[in-house]
Amino acid sequence: MGSRLLQFQSYGKWFMLLSLATAICLLHLPSYSCTYSRDLPICTPQVSFQLTNTTPTATLFLSTVKEVSMLLSYVAIDLGWNVNFPKPNDYDTSNLVNTFDPSNKYHVNLFGYCKWQPLSNKATWYCMDNPNGLDIISMIVRDLGAQLGVLSHTNTKILSDSLWILYRSIFDSFYKFVHDDDYRADKVASFLQSLQQGGPLPSVDQFKTVTLLLKCFEKLTNAIQVTELCSFALIIIAIALATVACVMDILAAREEKHSATSDKLPKALFFKQITLKLSYAVVTCSLFYQIGMAVYFLALFSIRYPYDYKVKVMTFNPDTGYWLSVLRFVMEFWFAVACYIGLSLSRRRPSKEVDDLDWKDEEQTPDSGETAICVSTRGSTRIQV
């Protein structure tokens, strides 16, 4: 009865451990949503944001970019005439690019985004993959390219990627231009001052600071993606090794019923040790992920609540995917604790069984030629003459 109870406890321990690891693995899946509109348009975003026109700066900014996007829309419609000759209503404002419309709401995830556009005459909801993940600027550029692709009857994915490549080329060239030569940066500042008709002269340091912050923001979003991928891969490997260790442990327990030793017990202990180290690695990756997300939200909060409220251009909120990642981090921590406790008990088990052996007569040993009786706590008696 006692051996069955111990066996049941061992099976229950493995069942709980594998169930916890499987739940952690399933909680990683929402991070890969918000990528496709067809078939299963599920989205559990990390963050949701909207552009706002409640401040003078935001109103001026949105009106400017809207005029530019309207011009691009007209060009895109004219370029698609060979596929479908444009109709007069195609030039209506409701059919043009609305990337910068304040009514739109963007749901951003690590590898894609979804867009809710209630004022559109076409699709009010669609999702697209975005390799740049949480980089909001890259996401807006890709969305602009996708809408231009629809207007010009071109492959939206190709045009979206092409526009992003153009943006990256311009940004990298400007970054190198500003940081390599202060004289050229001063000339750019003077040119911008002439456009502002005697406004304040932008300094070279301002150009350097803005471009450097954008560069750091891009690297931060890439680092968040890498930590998520590493954490997901490690937990999958940990589940596989924990399953192997569970099978080895069960086979070793069955062999011990018929013999004193089992060659599968050291193998099970080896796989348990690797699983424990992987659980530590999973927690470490998730910790860096949470730190990266905290820095990311601090950067967005600096935009949402700037020092000068008049320059507020967007509002954002952490969304369902982020809170699920926090829950996943807590579960990963307890998974590592459970692995540590299980390995500690496995290490104590062999030594305890040896210590429980009690020779009835210390003077009568197997070498003395007399009968020696060894009683084990496992309930079996061995007699050697």
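Backbone N, Cα and C define each Cβ position, glycine as well.
According to Swiss-Prot, the feature topological domain 'Cytoplasmic' maps to 1-13 (among others), an assignment based on sequence analysis.
Residues or ranges marked as transmembrane segment in Swiss-Prot: 14-34 (among others).
The topological domain 'Lumenal' annotation in Swiss-Prot covers 35-231 (among others) and rests on sequence analysis.
Residues or ranges marked as transmembrane segment in Swiss-Prot: 232-252 (among others).
The topological domain 'Cytoplasmic' (253-280) scores a mean pLDDT of 78 in the predicted structure. As annotated by Swiss-Prot, topological domain 'Cytoplasmic' applies to 253-280 (among others).
What Swiss-Prot lists as transmembrane segment is 281-301 (among others).
Positions annotated as topological domain 'Lumenal' by Swiss-Prot: 302-322 (among others).
For the transmembrane segment (323-343), same-chain residues at least 6 beyond its ends with a Cβ under 8 Å from one of its own Cβ atoms are 13, 16-17, 20-21, 23-24, 27-28, 30-31, 44, 46, 231, 235, 242, 269, 272-273, 275-276, 279-280, 282-283, 286-287, 289-290, 293. Summarising the annotation, Swiss-Prot assigns transmembrane segment to 323-343 (among others) and lists sequence analysis as the type of evidence.
The topological domain 'Cytoplasmic' annotation in Swiss-Prot covers 344-385 (among others).
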